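Engineer: According to Swiss-Prot, the protein has these features:
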- Gly168, Asp169, Arg170, Gln171, Thr172, Gly173, Lys174, Thr175: ATP binding site (BINDING)
- Ser361: site 'Required for activity' (SITE)
Amino acid sequence: MINAQEISALLKQQIEGFQPDFDYTETGVVTYIGDGIARAQGLDNAMSGELLVFENGTIGMAQNLETNDVGIIILGQFTDIREGSVVRRTGKIMEVPVGSALIGRVINPLGQPVDGLGEIRTSKTRPIEYPAPGVMQRKSVNEPLQTGLKAIDALVPIGRGQRELIIGDRQTGKTSVAIDAILNQKGQDMICIYVAIGQKESTVRTQVETLRQYGALDYTIVVTASASQPSPLLFLAPYAGVAMAEEFMYEGKHVLIVYDDLSKQAVAYRELSLLLRRPPGREAYPGDVFYLHSRLLERSAKVSDELGGGSITALPFIETQAGDISAYIATNVISITDGQIFLKDDLFNSGIRPAIDAGSSVSRVGGSAQIKAMKKVAGTLRIDLASYRELEAFTQFGSDLDAATQAKLNRGRRTVEVLKQPLHKPLPVEKQVLILYALTNGFLDSVPIDDILAFEEELYAYFDLHYDGLLDVIRTTKDLPDTDELNAAIQAFKDQSVFK
């Protein structure tokens, strides 16, 4: 029998031990919806860039924090969202899945697979916005990144950790340059990330199939926000890509990331900013469009040994109109990057591919990463090519030419021919050095221009068969072998070939 005092003590004990179980979430109400933008009132403590959830499960991101309401960009379909719909805070900044489980997959900027190969099994995530490495956390660029393209590796060399802009009109081969660079990373201990922004889905499919065909998908992640996707996804795609790259960089690995292209990201950001009623500036872009790209590209770096010594090399693309590199976005990105490769449509249409304009293209830091052998054979190539272009323009007047000028023109024509390269056929650096050595030492001066491609292919096959040791010296020591031996080998090839 329990007496009244025991009941009273028991009740008192339970009351004292009572823990109220409630879930506190700050919610707001949608006051406007349209064009992928929502405005909501009641989210007074929302953070900039915070993820918000609508009652139908759609995710949004807080962009404008105003006195009365919050401007939200919607990351998905917004047809089910109405005025009066409830939206709640999550207290989280946007993150994407990262790690080696993503390699070989095609995903959207939210980290969701779009290749039909099932879910991605990784528990690691990283925020898409993250501070770039500081000054003391970086190292100078000192390792080469071989693209496999003679015109780039000789004239505008790229180093690991560099940002090299690829700029040109549409249909000048920008994507082909980047895809070839990715193909050439096979066996180089490099992870590649291809970010397709605003591309046609059929085009992305073609690129993915090319990567798969050449075995490059084994070390590549494809992040795609196609032209049919809402603007917020196009805006976020590059940040998602670089967050995935950072995970590998801080593990001490090397990453090549391609942004194809940042012009479309800037247009998507302009669209969002105007819809959010932000004040427009030059060409109607918002005032912070420079920061849009600088905070992205500054995250590409060669980090110090204390942080693992990894690197992110970035190849951002900018599409120009009629070759105008003085446009707003083009000049912004040129000033952020460590050099640019300028592709010209008149070169492309005349059959010079890759259509690199050697005069306008520059690499500000890659030269220090170039291997010794390439420095020796390609040292004067840029100046020779520039002087050839001047002479060629001069000869349009039909003047009589002396022997020295004629020799320069002949060498220049052969240089242009040697720097041409078929699509998806990147070349190992030792073979690039071999053909450029043959060119700069006069072995091609007697070869007819139409036969240079055949000369090149037969020279590689001959060296693979008879002089693989010389190629191995270039490959391992990164320097030229004994020049007498190399001259004798090339002469032996010429003597037994039809190219006397």
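Here the Cβ of each residue, glycine as well, is placed from N, Cα and C on the backbone.
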Engineer: Rounded to a whole number, how many Å is the Cα of Thr172 (ATP binding site) away from the Cα of Ser361 (site 'Required for activity')?
Structural biologist: 15
Engineer: Whole-number answer please: how many Å between the C-alpha atoms of Arg170 (ATP binding site) and Ser361 (site 'Required for activity')?
Structural biologist: 17
Engineer: I want to verify one value. Collapsing DSSP to three states, which class is Gly168 (ATP binding site)?
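Structural biologist: DSSP call for Gly168 (ATP binding site): strand.
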Engineer: Residues with Cβ closer than 8 Å to the Cβ of Ser361 (site 'Required for activity'), same chain and 6+ apart in sequence?
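Structural biologist: Correct list: Leu155, Val156, Gly339, Gln340, Ile341, Phe342.
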Engineer: Take the mean position of the Cβ atoms of Gly168, Asp169, Arg170, Gln171, Thr172, Gly173, Lys174, Thr175, the recorded ATP site. Which other residues of that chain put their Cβ within 8 Å of it?
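Structural biologist: Result: Glu319, Leu343, Asp345, Phe348, Ala355.
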Engineer: How many neighbouring Cβ atoms, not counting its own, are there within 10 Å of the Cβ of Gly173 (ATP binding site)?
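Structural biologist: The Cβ of Gly173 (ATP binding site) has 20 Cβ neighbours within 10 Å.
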Engineer: By a 10 A CB contact count over all chains shown, which of the binding-site residues listed here is most packed: Arg170, Thr172, Thr175?
Structural biologist: Thr172
